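For reference, the structure discussed in these notes is given below.
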Amino acid sequence: MGLPGPIHDILLVFLGSGIVLGSLGVILLTNTIYSAFSLGFVLVCISLFYILSNSYFVAAAQLLIYVGAINVLIIFAVMFMKGSEYSNDFSIWTVGDGVTSLVCTSIFFSLITTILDTSWYGIIWTTRSNQIMEQDLLSNVQQIGIHLVTDFILPFELISIVLLVALIGAIAMARQ
């Protein structure tokens, strides 16, 4: 946005304070519905940060994905969950829980050591087509698409694996 400097700074201060107050609301409010609404407020403020930095596509994705889908899903899950079922019963860990946490922790540490020990400099993942480079890309969406399949292919694939694991975990929890 082409805002003058002082107005831009004032908006940044208001959005930053909104994020801090909203995140405190997420942590400190005892009612989970109010905490979910505070989370929605924080996500909207983050989206407005993206608008201030001229990243309109990321702001729209933030609103659609996080506020529109994830936060609504959290609110519905909290509303349909029985409160007494989880508040009084604290079950003791079983052997399966210990084995699962041990396996997950070992996979996590092996991934961290692999990432830290790999020399990432000089790795060429893909090459860009000359036709794509010669074209004058018209929109930010095309630029994002080109970067996702060339420069950021490894993080893109890692995020897809994390989302797949989260989906499998959600299905496993829903079946119980």
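Glycine too: its Cβ is placed from the backbone N, Cα and C atoms.
These features come from Swiss-Prot:
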- 10-30: transmembrane segment (TRANSMEM)
- 32-52: transmembrane segment (TRANSMEM)
- 61-81: transmembrane segment (TRANSMEM)
- 92-112: transmembrane segment (TRANSMEM)
- 152-172: transmembrane segment (TRANSMEM)
Outside the transmembrane segment (61-81), six or more residues from its ends: residues with CB under 8 Å to it: 32-33, 36-37, 39-40, 43-44, 46-47, 50
Spatial neighbours of the transmembrane segment (10-30) far in sequence, C-beta under 8 Å, 6+ residues away: 3, 38-39, 41-42, 45-46, 48-49, 52
